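Q: So TrEMBL lists the following for this protein:
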- 61-186: domain 'EXPERA' (DOMAIN)
- 217-351: domain 'EXPERA' (DOMAIN)
- 33-52: transmembrane segment (TRANSMEM)
- 64-83: transmembrane segment (TRANSMEM)
- 103-128: transmembrane segment (TRANSMEM)
- 140-162: transmembrane segment (TRANSMEM)
- 168-187: transmembrane segment (TRANSMEM)
- 219-240: transmembrane segment (TRANSMEM)
- 269-288: transmembrane segment (TRANSMEM)
C-alpha cells in the first residue's frame, strides 16, 4: 500500500489552531458556555470558507477533502487540550475544557485527544494529500473510519451515562455533525473502487484449494481470534456484574478501571461485546471458507476501531486522572499490558495478512470456457 504525500497547505492551516487557541483563551467574552458554542461554530465556518477558497478544485474532485482539512484543525486543538491537561504546555484550551466540554479532562478524554491529535491528524494529512495528487486513499480512510466511529460510540454515551452527565454544556450539540459525517464519509469510501489486484485467476484458484493446515498463518490467526473472542465476552460479562468468581477477581485485581463511574470503560466493553465479538466470529468463518471478499475492507475498519479503543482504555487505566482505586495495580501491570497489547495488535496483523495476500478472499473467477469436441 503506497503512502500518499502529506498535504502541506492543510498542515499549515491546521497549525493555525495554536495561535488562535492561545488568543481565545485570553478573551473573557467567551468564558461562558453559550459563548464557547458560538465562537466554535464561527471558527469552523470561517475555516471551511478558507479551505473552500484555497482548494476549490480539490473539493470538487472529492468533497471529503474539506472534511479532512477541517478535522485536521480540530485534531491540533485536541492535541493542545491533551498536552495542556497533562501539564506539558500552557493551558491554551482551558476556556474550552472548562465551559465547553469538561469531560475532556477525564483520563479517557485526554487519551482520545492524544489519539486524535496524532494518529487521526497524520491520516487526515495523508488522505488530503492523496486527494490533491489524485491518488487512492481507500485503505487509509477505512482505518480512519473505524477509529473515528469507535471513538464516538464510546465517548458520547459515556458522557451521558457517566458521572459527568450533569456537566453537559451546549457545546455537546456541536458533536451532532460528528454523528452524521462518518455515515456520509463511510458511504463514499466504501463506494470507491478498490485497487486492482495483482492476483491472477490461477493464483486465486491455487490459494483457495489449500486446506487450513496448509495455511499456518491463517490457522494461527483463527486460534488468536478464538481467544480474543472469549476475552471480549469475558470482559463484557465483567462490566455486566456477572457473579462468577473469575469476574470478581478480574475486576478487583487486574482491571479495576472497569468499575470507574465515568462509564467509558463499561461502554467500551459493551461495544466490544456487541460489535467486535460478532466480527471475530465472521472473521474466523472467512479464514476457513474462501471467497469472503468483504473481509479485507472490514479488517481495516476494525483494526482502526480496536487500535483507538485499546489506546484510550490502556492509557486511561493507568493515568493519574483516574482515581487510585480504579487504576491497574502495580503487581498486575505486566499481565494487563500484555493481554491488552495483544488484543490491539491481533486485528492489525489480520488486516496486514488480508492486504498482503488477498487471493484467498477474492471471489472465484469464472473458469475458461470448455472446449467441445468437433462433431463429425
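Keep in mind that glycine also has a Cβ here, set from the backbone N, Cα and C atoms.
All annotation found in TrEMBL is predicted automatically rather than curated by experts.
Could you place these features in context, so I can see how deep they sit and what lies close by?
A: Across the residues of the domain 'EXPERA' (61-186), the predicted structure has a mean pLDDT of 88.
Here the transmembrane segment (168-187) has long-range neighbours at 33-34, 36-37, 40-41, 64, 67, 96, 99-102, 141, 145, 148-149, 152, 156, 159-160, meaning same-chain residues at least 6 beyond its ends whose C-beta is under 8 angstroms from one of its own.
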Q: Among 64-83, 103-128, 140-162, 219-240, which stretch has the most Cβ pairs under 8 Å to the transmembrane segment (33-52)?
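A: Counting Cβ pairs under 8 Å, the winner is 64-83.
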